[in-house]
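Notes for the one structure printed next.
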Amino acid sequence: MKKLYDQYERLHDYVRISITDRCNLRCVYCMPKEGLPFFPTDRVLSQDEIVQLITNFAQLGVHKVRITGGEPLLRTDVVDIVRRIKEIDGIEDVSITTNGLFLAKKAKALKEAGLDRLNISLDTFKPEVYKEITRGGNINQVLDGIATASALHFKKIKLNIVLIRGQNDDELLDFINYTKDHDVNVRFIEFMPIGNSLEEWKQEYVALDSVFDLCKQAGLDYHPIDLAGNGPSDNYQVEGYTGSFGLIHPISSKFCENCNRLRITADGYIKACLYWNEEINVRKLIYDFDAFKAGVQRALDNKPLNHEMAMKTTDRIIDKAPTWRHMSQIGG
């Protein structure tokens, strides 16, 4: 089996595939408040195209798949997509990133279809702040979804928290203490300038350095732990707590040297790097395996060693222009 390596000898065995650009929220770090019309239905990958894409990737050594959006649970066929992907020979792990609003209704069917893991976006515990960040969301639906999913015993549930200055950076300890009685991995993620102006990003960016200081001030004894997989999160557990917390810092501490992932947009383009404008249309190649393989390899051959979110060493400010797609159009 030919496996997927880039020019820096990084093995790529993980695909993140967006199955829709549509979302029922407009989170401030993902979409603009207005505009950004959704793709017409025929521009979005069909269920059969998604399954064929992943089948091709499995023949190239990919064994891990994450389904993203937009909001993937908006697709009425999402359970069938999960089931069919999980049935592909070579695919060992299937997960979904969701805002959780429909999770209470769909978690059981997803588990029965073979879904292994869940990442749920929850940027705050405060209802009004949640409504502000998401531009209208109801946090109680998310909390119900988390409770439902927890009772079903997925392999792992992770909560994604994008830190935004002045909005949720005062809740760090609340999230860490949530792991005392909840078997989840809370992940703090640095706000990235994707689809945002650099000036706006500069005002809202929060580095993760303060997490350890807050833990020490609160008298929390924490230690590093290893979680399954080779993702970008540095993980820790407070002594005596059930769950854990992780730090994902794409800005202040790059993890590019171990990158093993490829992204497929909802309209069928491959992005070898989240913050890299180059894209290759692989949708038109999916039923010609040799052409597909060549297209994927071409994307890998052009993959940069590091992303373009390069920091100036003096003032920690990005000095590169952001990618042209918004996050909802790439796949979170």
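Each residue, glycine too, has its Cβ placed from N, Cα and C.
Among the candidates THR41, THR97, THR134, the residue that Swiss-Prot annotates alongside ARG16, ARG66, LYS158, ARG261, LEU262, ARG263 as binding GTP is THR97. Fewest other C-beta atoms within 10 Å: among the binding-site residues THR97, SER121, that description fits THR97. Distances between the Cα of ARG261 (GTP binding site) and those of the binding-site residues CYS23, CYS27, TYR29, GLY70, CYS273 are shortest for CYS273. ARG263 (GTP binding site) sits 19 Å from TYR29 (S-adenosyl-L-methionine binding site), taking the CA atoms of both as reference points.
Other Cβ atoms within 10 Å of the Cβ of ARG66 (GTP binding site), summed over all protein chains shown, number 21.
Here the binding-site residues are CYS256, CYS259, LEU262, CYS273, and the one whose Cβ sees the fewest other Cβ atoms within 10 Å is CYS256.
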